[in-house]
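Undergrad: From TrEMBL, for reference:
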DOMAIN    1-27  domain 'MADS-box'
DOMAIN    54-144  domain 'K-box'
REGION    140-210  region 'Disordered'
COMPBIAS  146-164  compositional bias 'Low complexity'
Amino acid sequence: ISVLCDADVGLIILSTKGKLYEFATDSCMDKILERYERYSYAEKVLISTESEIQGNWCHEYRKLKAKVETIQKCQKHLMGEDLESLNLKELQQLEQQLESSLKHIRSRKSQLMHESISELQKKERSLLEENKILQKELVEKQKAHTQQGQWEQTQPQTSSSSSSFMIREVPPATNIGAGNQTAAAGERPGEAATQPQARPGFPPWMLSPL
């Protein structure tokens, strides 16, 4: 066995008559026994530590389980369930706890409401300022539009007055030649009417008087 497994072997034999026989691959059997005791002791220590760790884990599990159960009971009591197991003092304590929690909830709620109201007021102020700016811009645009319309209305009036002024300056055409001819001839209107009128296209000497 020692040759095949490459290990140190120690053999102890006790006969029925109480005689002791030993065999060791090493020259000294005490060394083998010492190594055996050392490794067996280390194994015992390891086993004991593992058992202690397992015991600690079991203890921690029991503690955590008890905590979970108490938390579940408190939650049920806060929800108004399983109140039969509570006495008067415990019920009073539960009532005080609920009142204090309600106070905290209401204070937090009022704080959030105040914050939301302040934010809305800020938004309202900003919107009012923007509205004022837009109103000013609209008024300025309307003023510019009205001034432009008045200027466009004054332009045709000035042009029409200048054209009428130019027409009035031209003197009326008078038939000066015809007036001079009648004045030079000294004829009366009746005589002029009796004279034959020249037809267009023919000289007056070709027309015989009627």
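Cβ from N, Cα, C; glycine included.
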Undergrad: Within the domain 'MADS-box' (1-27) only, compute the mean pLDDT.
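TA: Summarising the domain 'MADS-box' (1-27) by its mean pLDDT gives 83.
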Undergrad: Going by DSSP, how much of the domain 'K-box' (54-144) is helix, how much is strand and how much is coil, in residues?
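TA: Counting residues per DSSP class in the domain 'K-box' (54-144), I get 82 helix, 0 strand, 9 coil.
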Undergrad: Using DSSP, how many residues in the domain 'MADS-box' (1-27) fall into helix, strand and coil?
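TA: Residue counts in helix, strand and coil order: 4 helix, 10 strand, 13 coil.
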